[in-house]
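As given in TrEMBL:
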{"type": "DOMAIN", "residues": "13-103", "note": "domain 'CARD'"}
{"type": "DOMAIN", "residues": "176-304", "note": "domain 'Caspase family p20'"}
{"type": "ACT_SITE", "residues": "His257", "note": "active site"}
{"type": "ACT_SITE", "residues": "Cys300", "note": "active site"}
{"type": "REGION", "residues": "319-350", "note": "region 'Disordered'"}
{"type": "COMPBIAS", "residues": "324-346", "note": "compositional bias 'Basic and acidic residues'"}
{"type": "DOMAIN", "residues": "347-440", "note": "domain 'Caspase family p10'"}
Amino acid sequence: MIVRRGRMLKCGMLERDRQALRRRSAVLCKQLVVDALLIQSLQADDILTESMAESIMAEQTSQKRCWRLLLLLPKRGPRAFSSFCSALQETEQQHLCDLLTQPPETDGKERHVERFVNSLPPLSTQEEIAAKRARTQESMEFSLDADSPITTPVLACTSDFYLSRFQQSYRMRSTPRGFALVISNVTFDSHAVPELDTRKGGEVDDEVLRKVFTELDYFLTTLLSVFLQGMRTCIENFCRRSDHRTVDSCAVCLLSHGTEGAVYGTDGQLLQLDWVFEAFDNVHCPLLQNKPKMFFIQACRGDEMDCGVEQIDGPARTCSPSCEQRDAGREGQGDADPRQRDDSGRPRIKLPQRSDMICGFASLKGTAAMRNTKRGSWFIQELNTALRLNARDTHLADILVQVNGRIKEREGYAPGTAHHRCKEMSEFTSSLCKDLYLFPKLPASVLTSMHI
């Protein structure tokens with residue numbers, strides 16, 4: 001039964017708030033950016049259920065997500081309007097919050113959401129909408145996204161989720177979870193390498209990574225703008241830490257100018273990535289054997305700009321022949337060398353030289369990586385968002401798939417240049433052997449009660 005109290009329905013929104021949404025629906029459908037942070041805010045305030053949030057985010061464009069949200073809000077109770085306004089403020093859309101809370105217009109023109117949606121011009125992507133807020137055009141790096149990196153707290157893993165996953169995934173319960181190393185080269189020696197300009201916005205990435213890994217319970221070491229030898233020395237010292245023995249993982253983030261297979265020191269000398277991976281392999285870093293090692297590389301991997309291609313509707317036509325081969329009859333061959341057995345005479349377990357690694361790259365081989373000069377790189381922005389919102393119940397490989405999807409949607413903005421509507425595509429490689437859940441903010445009582 002619906003109970004009326006003044007002009008308020010217990011099961012619905014105040015009529016004046018409902019009218020405000022209707023009155024401004026045209027502007028909202030054109031300008032509102034409905035992203036994961038806004039939806040998460042409404043979920044946290046119990047305005048949207050999980051299934052509602054999923055149905056909204058399943059829409060392919062921001063405009064369609066907006067349309068679905070505006071249809072749901074009036075049915076979500078008297079707090080829905082004020083909660084929506086708060087979410088707008090949290091996501092730096094204050095101008096829309098101000099618009100909704102202004103006194104009604106005197107011309108008496110009010111239209112329903114559906115009528116506005118049907119009369120709107122062709123759909124724009126979320127990036128195009130965000131571009132209207134602020135546009136940056138400096139150096140060779142551009143971004144349409146005008147939002148600052150999100151700072152919503154890392155969402156906590158629940159005890160139930162941990163108990164349902166921990167036996168099938170990498171051990172991840174030490175305090176701290178592990179040690180993290182961030183090497184970020186922002187300014188370069190103008191005399192030695194005048195062609196390497198300052199990585200404006202790189203300092204934003206430093207702060208973003210510092211905050212998110214600290215919240216994920218990693219002990220962080222940061223090194224800023226160093227020559228090649230300084231980078232090598234820092235990595236070698238980090239690998240040799242004796243306290244890797246007591247933790248469950250490690251993370252390494254390298255941010256610099258780069259080329260395929262290497263990143264630059266500030267003196268213009270190249271640090272080979274294969275040397276970095278070798279430093280953490282099972283031979284050179286035995287204290288991290290069987291433990292997950294995460295790498296994130298924010299650097300160009302070439303000079304080619306990805307100009308994108310027009311999408312053609314229809315089923316995918318690509319297919320790859322299988323290249324798998326059996327191990328040439330080597331299965332089952334015994335190892336007769338007595339040196340390969342332990343003191344009891346049992347064969348020692350052998351490991352591949354390199355395993356249990358996952359590496360996220362900001363761009364594909366041969367292509368440039370995008371960085372906004374005020375808000376940081378696209379890749380680090382999306383990695384930060386995905387970790388904060390999804391690490392509680394998503395393993396890292398799937399998080400990087402989500403990052404790929406978000407990067408795929410983005411476009412650069414640089415009218416009149418060859419870089420207008422440029423694209424980027426991130427990728428990752430993995431030799432992980434289990435699911436890697438970070439289990440953020442897991443209550444200590446869970447571990448204590450399990451005696452582990």
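Yeah, the Cβs are placed from backbone N, Cα and C, and that goes for glycine too.
Sequence-distant neighbours of Cys300 (active site) (same chain, six or more apart, CB under 8 Å from its CB) are His257, Gly258, Thr259, Ala362, Ser363, Thr367, Ala368, Ala369, listed in sequence order. Helix, strand and coil residue tallies for the domain 'CARD' (13-103), in that order: 66 helix, 0 strand, 25 coil [DSSP]. Over the domain 'CARD' (13-103), the average per-residue pLDDT in this prediction is 86.
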